[in-house]
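A quick write-up on the structure given underneath.
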Amino acid sequence: MTDRLPLHASGPAQAVAAGSARLAPDLLRRLPAILTASALLLIALRLHLGWQEVVTCKTAPDPASGHASGACSLARLTFASALLPRLAIGLVAGAALGLSGLLLQRVLRNPLAEPATLGITAGAQLALAIATLFLPALLTLGREPVALLGGLGTVALLLSLTWRKGLDPVSVVLGGMMLTMMAVAASAALIIFNGDYVFSLFVWGGGSLVQQDWQATGILGTLTLAVALCAVLLRRPLTLLSLDDRAARGLGLAVITLRIVLLALATGLASAVTAHLGPIAFIGLGGPALARIAATGGSGTASGTSSGGQTLSALVISATLLSVTDSALALTIGREFDRIPAGAATALLGGPLLLWVLPRLSMLRPGERRDTGSLPPAPTGPLQQSPARLALLALGLVLACALALCLGRNGQGWQLVTGADLADMLPWRLPRILTALAGGALLATAGVILQKLSGNPLAGPEILGVGAASGVGLCLMLLIVPLAGSELRLAASTTGALLATLLILRLATRAGFSRERLLLGGVALGAFCSAILSAVMAMGTPVSYQLVAWMTGSTQSATLAGGLALTGSALGLVALLLGLGRWLDLLSLGDPLARSLGLPLRPARLTLIALGAAATALATLSIGPLSFIGLVAPHLARLGGFAHGRAHVIASTLCGGMLLVISDWLSRQLAFPYQLPLGLIASLLAGPYLLWLLGNGRSRLH
Amino acid sequence: MTTASGPVASLTDREPLFQLDGISLERQGREILPPLTLSLEAGRVHALIGLNGSGKSTLLNILARQIRPDAGSLHFLGQRLTDYGGRELARLLAYMPQFPPSSDGMRVRDLVALGRFAWHGTLGRFSHRDRDKVEDALAATGLTAMADRVVDSLSGGERQRAWLAMMIAQDTRCLLLDEPTSALDIPHQVDMLELLRDLARSRDMSAVVVLHDINMAARVADRIVALEAGRVIANGTPDAVMRADVLSRIYRVEMHTMPHPASGKPIGFPA
């Protein structure tokens, strides 16, 4: 709290902020106008192109029949019932999402709140998936009520989880993102459970503006107007809400009631958009954030813009942002690949935006505690790092493997396989078990490294986006070299993971970047990478199918040779890490101490990062990016009494292997005769623990 | 008590501990340290004092090679500080930041053993000698009975002693500490600083300690160096610094001194 601030705190971040402000304050201030102009321009262009088709069909009659008939009326129909509503709904839905995000941000006093970051979108989608599969009758009432139920449920869950932490902004968003990941996994699992494998492809992307009539536009437009009217009527209490709760209550405001009403309105609006268009992320975040930046010219200091003006500009930016994104897509690759969803494209914009906004947190100040540690410390059991306990853990792993090998379902029911039957089963089951075992151990290794390097108990390759980034590496390699062999794939995946880790840890070492913000940055990076993957998957090219297979993380295709190779590499990497166990302990003390104790920081960090990236890439190539094993396994090891040093590394890899072997077994048995993707099962197993961890922060001690 | 630490250590009696010539540092166009020239004697406990923002923590970070100065030369035990290898320096110089990090579930003995990294390295065996040094450091700080407890479960004063024990196990010629008492109540502050002084004396180590409280500094230090805006405005024995006129200049308010009722040494307080 003293005199060191000139060096550590507020160094580069502010310099950069000041630089960008000097660079283009005028450009930023004119952002709403620029966006509006480009949106109008693009809309005009699309109208022109669409009208052209109607006109050319009139002037050039069908050469076969001699007169304009089928093709021409189709063109006219396309223009009036597809193009026009699509253009309109882009603006309407954008404004709706912007309004929803704005309300959520005011009510929760959280500039990072928006339908997607709070899990509303994913919750609504999950509810729709459940209703479609199990209660189709419910949908006859309309999609909105079902979606609303899902959205409200998610928000209620999220707020009750983070209530104890005083709705701390970053915890709320972090919890929302985790709920999102789990809801997406659950929707996918449900759909695959029902055998409709292809549909799963679209669950990841979603958010398409393609329209067939004016119905959705009408509903969304009416709803948006209604909510906007409510917001205008409630503008005075809304202003009071920006004060401290106690102050607002002192001024005579029914704070709780108002919050609930506004949350319900915002959630309802966002759920309706999801019901009709699917998930469209980051518009509700980007619109208000850009409006704020535009109002301040990027300098972070408030200027004369009124709050009303800023609200309006937020709505305009949100509406035009979605419209521009959709138009840009439709006019470029959308002509060939009509299925690339605008929702995925907005995540492409939103991920970097979130990363860019996070360090400029002067915006986060009001109502925010100095977040020096509202994250829970990693839970630890009584410290008992004895070799005997390690042996016990290893025995547990052996038992899990034995279970996975011998117990299974067949047409008649459960069956314990032994002897000669087992020998018959072995070629089928052994490769999967080996792959799962090694994959789990590798993810755990990566998790230990990331947690120690970032000093963050919630870090893991999945949370920090390292897994998804390795997928982007793979994706780029497949796009350039479609028939890339496994070495090339591994190299590309490792490179992707390496770059992501470097980027994220650079943010981590940046002054004033708290542990929660690091996680949020990781989640944003992950969302960005996933959006790239979704876009490529939606293109429906051969690469897409390879990516879908990679994404869902299945061990079905495992071969014995592959499993053995993976196990070998896992053993090698773990052995290497064990050799460097002392580095991990020293680095967990932070850079200054590690340096003063004689550790060569740079080489040590780089070596460990490379190890972690290689482990992540190897693991995700075989079991996919969707699991929280890398985060949870080190925690389980701690709960078992292994908290540091080599014992922690060994225990974590054993736990990771065990978790994944069990997940793999479950994925084979739960939906027999179908097989569920391994990564989904693993994330559904580990996710609830994460939420619990997040809800049990240190704030109880305050 | 102390063992020789290689050829450099044998020079310590003649060479100054730190010799700074024209050390300066600037950040974002702001001068944090103007060219600073200062010599610190070996074998003494130095207290660095000054107001917030006077540059005392910065100076300590430069001495610990955590921050590289923009200009000037800095010698430690007769050799340029930049010429030392990482582990070589860690065998001669131990540093503790103001807020030691969470020790991540380690036991006291595990933490203290990390101090031996500079001696055994990445893959080297943890020898008997390392073990002895760790036990010795635990005993010297009175932590032997708590050696198997998890550091995070200790009280503030005990935890601070555990970090000190780690520095002792590092077996260096010099200790650098940044406000080691800032989180402690008064009895623990006194305990901590007296333990530090006694260890430094009995092991023939030098120490540079950033302190807030002038009276604490006068109580434990052999030399007091006072900074103001990065300039040395007083440098001498406690008796020489604990004068009303000097203290008034350091703290920019009128200060008085009076003899301590028991020890008779001067204590300072604002008017």
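Placed from the backbone N, Cα and C atoms, the Cβ positions cover glycine too.
Checking the ranges A:34-55, A:430-451 against TrEMBL, the transmembrane segment annotation falls on A:430-451. Below 8 angstroms of C-beta separation, residues 378, 397, 401, 404-405, 457, 459-462, 464, 466, 501, 555-556, 558-560, 562-564, 566-567, 569-570, 573-574, 577, 584, 608-609, 611-613, 615-616, 618-619, 622-623, 627, 629-634, 637, 648-649, 652-661, 663-664, 668, 678 of the same chain, each at least six residues beyond the ends of the transmembrane segment (A:430-451), sit close to that stretch.
For the transmembrane segment (A:116-139), the list of distant contacts is 104, 145-151, 153-155, 158, 172-173, 175-177, 179-180, 183-184, 186-187, 190-191, 194, 203, 206, 267, 270-271, 274-275, 278-282, 284-285, 350: same-chain residues at least six beyond its ends, Cβ to Cβ under 8 Å. Outside the transmembrane segment (A:214-234) by six or more residues, the chain places 81, 84-85, 88-89, 92-93, 95-96, 99-100, 103, 144, 258, 262, 265-266, 268-269, 272-273, 276-277 with a CB less than 8 A from a CB of the stretch. Sequence-distant contacts of the transmembrane segment (A:678-695) (same chain, at least 6 residues past either end, Cβ-Cβ under 8 Å): 161-162, 164-165, 171, 174-175, 178-179, 181-182, 185-186, 188-189, 192, 376, 379, 436, 458, 462, 551-555, 623-629, 631-632, 635, 659-660, 662-664, 666-667, 670. Tertiary neighbourhood of the transmembrane segment (A:246-266): same-chain residues 99-101, 103-104, 106-107, 115, 152, 155, 159, 227, 230-231, 234, 237-238, 240, selected by CB-CB distance under 8 Å and a gap of 6+ residues from either end.
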